[in-house]
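Working notes for the structure below.
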Amino acid sequence: MSGGVYGGDEVGALVFDIGSYTVRAGYAGEDCPKVDFPTAIGMVVERDDGSTLMEIDGDKGKQGGPTYYIDTNALRVPRENMEAISPLKNGMVEDWDSFQAILDHTYKMHVKSEASLHPVLMSEAPWNTRAKREKLTELMFEHYNIPAFFLCKTAVLTAFANGRSTGLILDSGATHTTAIPVHDGYVLQQGIVKSPLAGDFITMQCRELFQEMNIELVPPYMIASKEAVREGSPANWKRKEKLPQVTRSWHNYMCNCVIQDFQASVLQVSDSTYDEQVAAQMPTVHYEFPNGYNCDFGAERLKIPEGLFDPSNVKGLSGNTMLGVSHVVTTSVGMCDIDIRPGLYGSVIVAGGNTLIQSFTDRLNRELSQKTPPSMRLKLIANNTTVERRFSSWIGGSILASLGTFQQMWISKQEYEEGGKQCVERKCP
């Protein structure tokens, strides 16, 4: 292969998009990621006598270190002393050992090819710090020995996935909702607006609703058998007998999985500001919990997601200075230069798994059209397929890494060896 050309069609670059909720990875040039598994991983620390539990599907960390259980199947098996942890905090890598375990697992189980053969394009949070970027670059070159590397901001990749190089990316994921202005493929740092009202917040609201309605949350791992019961009558189920002593963090994770299913099946955003009378007229949705308890949900379906758009009616948020989704967008545009605002309003791109709640985009479109200055043309871009919206930054990375014109952008191993880890600041905006 000729000296300096990496990537290209024949080498197959890998694209990693590691979010707070799931990890997405696969080959550049394909239309969707090969793998999509939870970022949360199970961790069992060795006992004092050095014995661990059965080693079947665990990935052993360093000698004497913890054992990691990664991927849906391994994570959801109840095990004694297994904590559910996440390597990320605020979208940035916090725990490097478990982060490395995720990469090891992906290479071993899914890529099934030598790390040293594939250039890697990785997505990163727009607010990622210099120290973390350099550490990541060092890890990829030194530990995985990859031939070339590139780091790109998630918002820029989302814009590319939608065929734009300028636009305002509204990304609502698990941990936060952010508006990120992108101009000519660069993130405008001063215009980033973040709000903690996102998927995890909705999960929390659902939890409170279940407590109020006295609905017991029983994750499937505890259930040995259940009987069909009438709507609204108490559940009739048998508990599994030999359950190990699970940790609270893992049990919580399993409960959240149940709630997330409920979120996707039941919730809907109201077309206009939430109104008791209108909500009462809404058709109800029937939902059955894993333990067999089932009932209809009416007004609650609209009330819970309302907090995303109108945080003032959420009880328990003290002082409440948080911004609703449409405010996040308008505030962000307002912080950018006046000349580029038309370009931002002209392509507001919606991305992230949390935006898949029914009618989310309709409500956003309606609120933004009321707030957009009359001189601006508003255009909301939202893919209607779940795949494209959940994986938008991965798809953008897949497009970018397979472009012929991108091939001179890679940080090659040679450049890394000559310039050290500082070259990531110079080559990856």
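Every residue, even glycine, has its Cβ placed from backbone N, Cα and C.
Since the structure is predicted, the reported quantities are computational estimates derived from the model, not experimental observations.
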Listed as phosphoserine by Swiss-Prot, one of Ser86, Ser195: Ser86
Neighbour-count leader, CB within 10 A, modified residues: Ser86, Ser233: Ser86
Integer Å distance between the CA atoms belonging to Ser233 (phosphoserine) and Ser86 (phosphoserine): 37
Secondary structure of Ser233 (phosphoserine) (DSSP, helix/strand/coil): coil
